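Chemist: Per TrEMBL, the feature domain 'Enolpyruvate transferase' maps to 8-411. The phosphoenolpyruvate binding site annotation in TrEMBL covers K22, N23. Annotation comment: TrEMBL describes R94, R123, P124, V125, D126, Q127, D310, I332 as UDP-N-acetyl-alpha-D-glucosamine binding site. Residues or ranges marked as 2-(S-cysteinyl)pyruvic acid O-phosphothioketal by TrEMBL: C118. Annotated active site, proton donor per TrEMBL: C118, in sequence order.
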Amino acid sequence: MDKLRIIGGQPLHGEVVISGAKNAALPELCATLLTADAVTLTNVPRLRDIATMRSLLDHMGVKTQTHGERGGMGFQAPDTLNPEAPYELVKTMRASVLVLGPLLARFGRARVSLPGGCAIGARPVDQHIKGLQAMGAEIGVEHGYMEARLPAGRTRLKGARITTDMVTVTGTENFLMAAALAEGETVLENAAQEPEIPDLAEMLIAMGAQIEGHGTSRIRIQGVERLHGCSHQVVADRIEAGTFLCAVAATSGDVVLHHARADHLDAVIDKLREAGASIEAGEGFIRVKSQGRLKAQSFRTTEYPGFPTDMQAQFMALNCVAQGNSTATETIFENRFMHVSELMRLGAKIQIDGKVAVVEGVEKLSGATVMATDLRASASLVIAGLVADGETIVDRIYHLDRGYDQMEAKLRTIGANIERVK
Ligand SMILES: CC(=O)N[C@H]1[C@@H](OP(=O)(O)OP(=O)(O)OC[C@H]2O[C@@H](n3ccc(=O)[nH]c3=O)[C@H](O)[C@@H]2O)O[C@H](CO)[C@@H](O)[C@@H]1O
Ligand SMILES: C=C(OP(=O)(O)O)C(=O)O
């Protein structure tokens with residue numbers, strides 16, 4: 001099993017190119033199911049989750065291919081395919097639930113295993129089911145599978161007004177894709193506003209969908225009878241960019257991130273500035289620079305545009321070596337502090353009280369062997385390893401490979417002493 005070996009203490013310097021967003025590319029791969037025409041995606045990141053989603057599409061009968069270097073992928077979903085997502089293919093990936101909406105909308109039936117993904121909470125899919133039922137689907141859960149179909153005599157989902165109990169990112173994406181081909185108008189209230197939603201909406205609009213209000217909490221979709229092919233560029237990964245910002249700031253470095261969107265990272269950038277890092281940003285780049293110890297910052301995760309839960313672990317790593325005490329309050333997932341015990345193995349001082357982790361900044365961490373437990377926990381351990389004295393081994397990095405495009409290679413180009421070992 002691969003591990004990362006890090007010798008800490010090197011400030012990071014230079015330039016890094018940020019990849020396309022995992023959480024935009026995954027729903028966009030699913031959106032290719034909505035048409036028989038060819039669809040091209042560019043800037044698709046090279047990730048294990050993307051390979052898994054591709055295998056799932058291949059299994060269903062979608063023709064997929066990769067084009068060249070720039071993350072190009074082509075897709076063609078024929079009019080007849082096998083609308084099934086088996087457990088073996090979806091157990092490692094939450095986003096597999098995103099085939100449900102498109103399959104129902106275009107093929108009128110779907111058999112989708114309940115999804116896996118990061119073990120950061122129970123993560124039910126009740127809202128997805130409730131919303132699609134409101135659009136006329138009949139859905140039952142049996143033997144771990146969602147069995148969904150349209151009632152006899154119906155060929156299309158019907159538009160509906162959907163108000164979810166909480167803001168759900170993949171829920172909003174499933175409804176957007178389903179509503180694009182439904183009969184009549186769908187209104188999504190309490191819709192997620194994460195940048196991956198407007199990116200998906202722009203792709204659907206390029207395919208002929210009629211959507212308004214994406215990027216706000218009310219999205220209106222007028223269903224159309226058919227969608228056509230398109231070419232779409234996946235938006236930059238704000239969480240990868242945020243992870244590099246924290247790594248550079250924690251190591252007192254100076255790095256320019258290219259292809260990065262500062263406007264998608266306001267909450268994180270504000271905290272980094274308050275901590276004492278200097279951040280400059282312009283069209284397609286962010287430069288982060290810091291010197292000496294940062295000032296610890298408390299934060300609370302919330303839906304976009306608030307502080308992202310997917311940045312909680314990485315910012316906590318930075319707070320571990322900052323001056324002063326801070327709190328990290330996790331409001332989105334009930335089990336997203338699994339990195340805490342591993343950070344403590346490196347010498348961090350952290351106490352957990354329910355949804356709140358209280359961090360007492362220490363001057364130094366010291367390298368040790370630690371275990372990655374989920375995707376962003378892995379990234380926080382890498383950041384901690386980069387600032388710790390001596391050698392840190394991060395075990396179980398298959399979690400990291402789910403969502404970071406060549407992280408260790410990118411870190412090496414900016415001066416980190418990091419290598420992948422068996
Ligand atoms: C592939 C993808 O895009 N993953 C992201 C997506 O996950 P995902 O879309 O799974 O997260 P949601 O926004 O749906 O989850 C928010 C909260 O709602 C709960 N919930 C959600 C749906 C549902 O039917 N019932 C229910 O109870 C979840 O358990 C969680 O507590 O948004 C999360 C929140 O920004 C991110 O951390 C993930 O990186
Ligand atoms: C939790 C995450 O991913 P997923 O929803 O795919 O498990 C994440 O990207 O941090």
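Even glycines carry a Cβ here, placed using N, Cα and C.
Could you place the listed features in the three-dimensional structure?
Modeler: Other Cβ atoms within 10 Å of the Cβ of N23 (phosphoenolpyruvate binding site) number 26 in total over all chains.
Counting Cβ atoms from all protein chains shown, D126 (UDP-N-acetyl-alpha-D-glucosamine binding site) has 12 others lying within 10 Å of its own Cβ.
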Chemist: Over the domain 'Enolpyruvate transferase' (8-411), what does the predicted model average in pLDDT?
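Modeler: The average pLDDT of the model in the domain 'Enolpyruvate transferase' (8-411) works out to 96.
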Chemist: Taking 10 A as the limit, how many CB atoms besides its own sit near the CB of I332 (UDP-N-acetyl-alpha-D-glucosamine binding site)?
Modeler: 19
Chemist: Could you state the CA-to-CA distance between I332 (UDP-N-acetyl-alpha-D-glucosamine binding site) and K22 (phosphoenolpyruvate binding site) to the nearest Å?
Modeler: 19
Chemist: Assuming the binding residues for UDP-N-acetyl-alpha-D-glucosamine are exactly those in the record, R94, R123, P124, V125, D126, Q127, D310, I332, what is the maximum CA-CA distance in angstrom, rounded?
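Modeler: Value for the max Cα separation, rounded to a whole number: 22 Å.
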Chemist: As a check: which entries in R94, P124, I332, the binding-site residues, place their Cβ less than 6 Å from an atom of ligand 2?
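Modeler: Among the binding-site residues listed, those whose Cβ sits under 6 Å from ligand 2 are R94.
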